[in-house]
């Protein structure tokens, strides 16, 4: 694996690069484990390295979507606006559990606490709904990028927030119209959004949002959408 100098990067974020992500093939079958660092180097991504990930979309009882702006300390896509929470299950027994995507949902609960300070008891795995999966690839800069099969998870709940400033620069709840305005700002270069959020907003998000009481029609655990 290539050697990359991380001395100039945020120390807390560099520590997280040692976490072990789940390596998968293009059909989301586990084939091994690799560090977060190696999973996110473009040099490895270009050779086909692919890992499992998730994206959470949390709506409050007013049907507003919780967005976050990634902190400037983040190694990939710093300062970008994105959906509620995006991260990776780790290669450990609890988060490798594949039955009903329980491992991924446990990972989402863990990261909602770590990033946004949401108490674990407010987002139990059984209240995190697994819809479908998308497969995408994107570069952050010349060194770092993403290549993931992303589990799409929806939560509908009012939650307590206490964000970690090392993870999150800002957050806000938005209506559909407010998100459309934010997407226009991103298109004009006024703000930055993450590539996966851009993809999901352009394809599925508003359909889900229009049908929050009838999400079963969008549940598809067989297909992986190639974006």
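Easy rule for this one: first residue shown is 1, then count along the chain.
Backbone N, Cα and C define each Cβ position, glycine as well.
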- Message: Which residue does Swiss-Prot record as N6-acetyllysine, given the choices 176, 184, 192?
- Response: 176
- Message: Just to be sure I read the record right: 70, 74, 87 are listed as binding substrate in Swiss-Prot. Which of 30, 36, 37, 137 is listed for the same site?
- Response: 36
- Message: Just to verify a number: CA distance, residue 176 (N6-acetyllysine) to residue 86 (active site), in angstrom, no decimals.
- Response: 20
- Filter the recorded positions 51, 86, 148 down to the ones within 10 angstroms of residue 36 (substrate binding site), Cα to Cα, kept in sequence order. 51
- Nearest to residue 146 (Mg(2+) binding site) by Cα, among 70, 74, 87 (binding-site residues)? 87
